[in-house]
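S.K.: Have a look at this one before I ask anything.
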Amino acid sequence: MKFSKRNLIYSLILGEASSWFLIFVIKNPYVAEFKKLVFLEDVVWWLPVIFPIIFLAGILLAEILAKTIKIIYQIVRFAEVGVLNTFIDFGILNLLIWLTGITGGLAIAPLNAISFLVACTNSYFWNKFWTFEKEGTVTRKEFTQFLVISGIGIGINTGIVVAGTSLISPLLGFSSGAWANLIKVLATAVSMIWNFLGYKFIVFKK
């Protein structure tokens with residue numbers, strides 16, 4: 001069976017990039033819980049090797065299954081792009097938390113907006129040219145639609161992060177850094193649903 005060289009290379013790039021942004025999260029000194037997991041120190045620097053292998057295995061499996069279930073190919077590509085976007089979002093947010101010491105409240109809003117915007121911009125290009133394979137160059141109308149959808153997504157994402165870190169104190173003994181990341185998980189899940197629907201049915205509609 002002949003596999004797509006382009007897809008294999010893209011998958012390796014996505015896996016490698018994802019691993020480094022995840023390292024920013026794990027190394028954030030404000031997430032005290034990671035310090036207790038001693039084994040992370042032994043495996044963290046293996047992530048740039050492990051992740052590309054996992055991503056490559058995923059796309060290879062998708063190419064095989066796509067022979068009978070065609071949509072699985074798009075789903076796996078969207079999932080791999082989604083993993084990178086998520087780790088870019090979390091990675092940049094944690095890097096900014098690390099640099100500023102800000103872990104909650106209104107002050108975290110611009111940090112979250114920056115990380116989310118970078119992740120969304122990355123998402124636009126990967127999803128347009130790889131996941132959904134929409135033909136043509138970037139147009140003003142399409143990019144404007146993307147900005148509108150992403151802008152609403154930023155509002156949803158940042159609103160949840162600010163509300164969750166301002167109105168709810170860390171529960172179950174979590175540190176402030178870990179709590180910010182837990183709230184971010186919820187914010188990411190909600191905004192991803194919005195973004196997927198907006199991208200598929202408005203921005204990249206064929």
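Yeah, the Cβs are placed from backbone N, Cα and C, and that goes for glycine too.
No curator has checked TrEMBL annotations; they are predicted automatically.
What TrEMBL lists as domain 'GtrA/DPMS transmembrane' is 77-204. The annotation transmembrane segment is assigned in TrEMBL to 7-26, 46-66, 78-99, 105-125, 146-172, 178-197.
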S.K.: Residues sitting near the transmembrane segment (46-66): Cβ under 8 Å, six or more positions beyond its termini, same chain?
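M.R.: Cβ under 8 Å, 6 or more out: 1, 3-4, 7-8, 10-12, 14-16, 18-20, 22-23, 72-73, 75-77, 79-80, 83.
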S.K.: Is the transmembrane segment (146-172) in contact with the transmembrane segment (78-99), using at least 3 Cβ pairs under 8 Å (sequence separation of 6 or more) as the test?
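M.R.: Touching, no - the transmembrane segment (78-99) and the transmembrane segment (146-172) miss the threshold of 3 or more Cβ pairs under 8 Å.
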S.K.: What residues in the same chain, six or more past the boundaries of the transmembrane segment (105-125), come closer than 8 Å to it by Cβ-Cβ distance?
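M.R.: Contacts with the transmembrane segment (105-125): 81-82, 84-86, 88-93, 96-97, 143, 146, 150, 153-154, 157-158, 161-162, 165-166, 180, 184, 187, 191, 195, 199, 203.
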S.K.: Tally the residues of the domain 'GtrA/DPMS transmembrane' (77-204) by DSSP class, grouping H, G and I as helix, E and B as strand, and everything else as coil.
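M.R.: Looking at the domain 'GtrA/DPMS transmembrane' (77-204) with DSSP, the answer is 103 helix, 0 strand, 25 coil.
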